[in-house]
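Report on one structure; see the data block that follows.
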């Protein structure tokens, strides 16, 4: 019997785009193969980039070309960082800076790292989340000469090993820390406390990490100045709100293909992240409940049209549970036991402490992997919940986030590093500081040309009436 030729192949034979189609298939095959199911731990591989440098540990250096293309796309949506790179490159405000970083390693972070390098800094980097690393981007950074220690799907042991490799290098000692979550800062305090003698400052961008810094400060254990980027206006009002408003839907769709219309959803926490999640879900037709401990945020939720409840009141009926509080044990085993069959459970906070995942790892419950970052947890009676990213940050673990919004945060981080690194002795003491409002406004102004936006200028009379400088800052430092 003659072999039948697939119809798609017949179509391709006569198609003038066949060569292009073949190239595309080849690229796709290479991409999927290279990111693949190679189970060998990167720690067991000996890899070098094209220049013979092997001071990195990533999944696969062969993915560098794919990562470079993703970085180039990100650059188009990060106008402020690119502008900062051009404006300050001649001055090299970070010359001599040795920055050790622990953040999500994505195309957007790569643009930040390459900007810091262009401004004179040396960088060594690890990932702050075991699932959020884009392997191809890590490869592109390693090929570009950056010391990167990260790959998607690290174990807990790998996570701390990567941080240690960043910090512990003979003949190289960091003098600046850029952290997201506080794990890097914690590791240095725990293992290498003497390093703080040469560290000029810490820049921290997450709720969790900032909370840890304030705890250290209150206990008198913070031995260097720290910049709280998370509570800067440009982080709170843009990254936390607008980023989550878009990425919550993306993360849920990619992992579960769920339809949002008519679904009952409870969002735990109505800070900026919670506000973004609620707005997106409400717009898609979901019935949204909110839990809150803060009466001010609770009142905002009520006036935005959401029903304020205790989690125990709705846990049996909701279809989706989303945590975004920055706290621990928000969804405990008691609530997990009472959830309806098929309930989707996920976290939009930085840390994996909000959902008590450890309580689900017991003999009577069965774990069943559905797809990457999606697990069924099955009870003895057949009930199952859908757990996303094992309770870790949903959007960066399971999808992507809007690059433009991250440009705002990354520019704020870069300016905070420049400020702390160049500050004269005595300007900042061993405490936690907010970014000066003038810098917040500068970051915002760098992004306005993208929208062809034109600011109105105060007249001399108006400026005098308001008691302001015509060039800002336009809000007091306490404004949030």
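Placement of Cβ uses the backbone N, Cα and C atoms for every residue, glycine included.
Those TrEMBL annotations? Automatic predictions, nothing curated.
Checking the ranges 12-33, 34-55 against TrEMBL, the region 'Disordered' annotation falls on 34-55. Sequence-distant contacts (6 or more apart, same chain, Cβ under 8 Å) of residue 395 (NAD(+) binding site) comprise 243, 244, 247, 248, 250, 251, 348, 401. Taken together, the residues in the domain 'S-adenosyl-L-homocysteine hydrolase NAD binding' (240-401) have a mean pLDDT of 95 on the 0 to 100 scale. The Cβ of residue 272 (NAD(+) binding site) has 23 other Cβ atoms within 10 Å, all protein chains considered. Looking only at the binding-site residues 271, 273, 275, the densest Cβ neighbourhood within 10 Å occurs at 273. With a 10 A radius on its CB, residue 292 (NAD(+) binding site) counts 23 other CB atoms from all the protein chains. Within its own chain, residue 276 (NAD(+) binding site) has 240, 241, 242, 243, 244, 245, 246, 248 as residues 6 or more apart in sequence whose C-beta sits under 8 angstroms from its own. Largest Cα to Cα distance within the recorded NAD(+) binders 271, 272, 273, 274, 275, 276, 292, 395: about 22 Å as a whole number.
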